[in-house]
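Annotated in TrEMBL:
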DISULFID  Cys153-Cys186  disulfide bond
DISULFID  Cys154-Cys170  disulfide bond
TRANSMEM  20-42  transmembrane segment
TRANSMEM  62-84  transmembrane segment
TRANSMEM  91-115  transmembrane segment
TRANSMEM  233-254  transmembrane segment
Amino acid sequence: MHYYRYSNAEVSCWYKYLLFSYNIVFWLAGVAFLAAGLWAWSEKGVLSDLTKVTGLHGLDPVVLVLLVGIVMFTLGFAGCVGALRENICLLKFFCGAIVFIFLLEMAVAVLAFLFQDWVRDRVKEFFENNIKSYRDDIDLQNLIDSLQKINHCCGAQGPDDWDFNIYFNCSSESKSREKCGVPFSCCIPDPAQKVVNTQCGYDVRKKSKSQWDDQIFVKGCIVALEAWLPRNIYIVAGVFIAISLLQIFGIFLARTLISDIEAVKAGNAF
């Protein structure tokens, strides 16, 4: 008579397909980010000449979109395939990457709180470098314009920061029509105007500073962001907590599935 030993351990279909569903969203989002980034680069001609990326001294927002897309695509793919194929290596890679990103976010948040002056100086330096490249990249230009319009601000510390840009510089050597002006996004909008006046910032800084208040925003964007944060601290904290909970949930699903797979393999070894 033959006796067979059955193991009670089995891979939970609930955790398996829940992890797959969790990751398919990230994988599809990663595909969307990559598609949007590559499309933006193709429109700017970067795909035919990659030196345009290294030639830009400021930030190309498309690079951030592509980096986020690559990370989301890679993690989503590893999580989906790892869950469906019950592949421990892919699941451990997914879990380890999420843990690393989670710890990195926590470290950045703590360091930013402890070294606020250093962070403020780096943000100021970063903003000034991007002001220099304002006219070099359309995506960077749109990003700065949006930031200034939404926050009702101009420059990093104030409108005079636009002297960092060769087109807006007030020096006598500049031949630009925008000389000693500011971008239109610095202008105080006129409710009566239905069409945006892109020339509203021309020659503004040739006037006395007492006249600026009636035409442009005089508050710097760093000051505006510092004022915005305390007013919206609960929103920022809520977003951070929501992202953290999603990451912890993904780690829990991956670790549970890994434990189930290892238990099944251990049971089949007998």
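Cβ coordinates are placed from backbone N, Cα and C, and glycine is handled just like the others.
A map of TrEMBL features onto the structure.
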| residue | record | contacts (Cβ under 8 Å, 6+ apart) |
| --- | --- | --- |
| Cys153 | disulfide bond | Leu147, Cys186, Phe217, Lys219, Gly220, Cys221, Val223, Ala224 |
| Cys154 | disulfide bond | Gln148, Asp161, Trp162, Val182, Ser185, Cys186, Ile216, Phe217, Val218, Lys219, Gly220, Cys221 |
| Cys170 | disulfide bond | Asp163, Lys179, Cys180, Arg205, Lys206 |
Contact set of the transmembrane segment (20-42) with the rest of its chain, CB cutoff 8 A exclusive, min separation 6+ beyond the ends, reads 62-63, 65-66, 68-80, 83-84, 94, 139, 249-250, 253
Mind giving me a neighbour count for Cys186 (disulfide bond)? Other Cβ atoms within 10 Å of its Cβ, every protein chain shown.
26
Apart from its near flanks, which chain residues at least 6 from the ends of the transmembrane segment (62-84) lie with a Cβ under 8 angstroms of it?
16-17, 19-20, 22-38, 40-41, 44, 46, 53, 90-91, 93-94, 97-98, 101, 139, 250, 254, 257
